[in-house]
């Protein structure tokens, strides 16, 4: 099997050195070029034709957004998959990067093994895997639950700084572990989350409702419907807490079993 060719762009020389050393010991990934100057990234992509570009958002001379815009001007066969790194967990940054063509994002600091898994995941869309090879490849590259939920919440428009975000994420975890608990939302799910966060069940319920209201007010439902491939949400049909939790849990469960 051919190695996955990677170009790495980061102005932090420490990060470049650590990842260069790590990928040197990773049998299926080849780091073909590492650059610290944003103005040289697209040039490196054209010269080395990587499968995946891993780039920081904040770069000297040319930031990650401009890099994504320039990559979008390349012929399709020359465009790599892009994983964006950022030290800022800002949903506006992340959504803009995704709209410009990023396949994935990771917030610093990150686990290098997890980054390698993400590289395999996004690169797999370039390969024609056999029926027997594909499930194993997908399983090894499946994002962990927290990261999937974080991506979904940010896409929908739930900000990470509000309490409802954390309560909803915990609810999704609980439903994935025990699907039937969604049918006991007032008797078990809310009280269970309340105990974990040292609050009350009624406050958990209200905070979740507020988080969903915030998401609907931001008007990003088209992004969610595109993600699912069909219309699951509409501005005039706001889901209950339970419906929303079930929707997110179902999306994560489908990806885990794919």
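Using N, Cα and C of the backbone, Cβ positions are placed for all residues, glycine too.
Annotation source TrEMBL lists Ca(2+) binding site at 10, 11, 56. Remark: residue 10 (Ca(2+) binding site) has 16, 19, 34, 36, 54, 55, 56, 59, 85 as non-local neighbours, by Cβ distance under 8 Å and separation of at least 6 in sequence.
Across the domain 'Response regulatory' (5-123), the DSSP tally of helix, strand and coil residues reads 56 helix, 27 strand, 36 coil. Here TrEMBL flags 5-123 as domain 'Response regulatory'.
The 4-aspartylphosphate feature in TrEMBL is assigned to 56. Using a 10 Å Cβ-Cβ cutoff, residue 56 (Ca(2+) binding site) registers 22 neighbours.
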Hey, for the Ca(2+) site built from 10, 11, 56, who else sits with CB inside 8 A of the CB center?
9, 12, 15, 16, 36, 55, 58, 59, 85
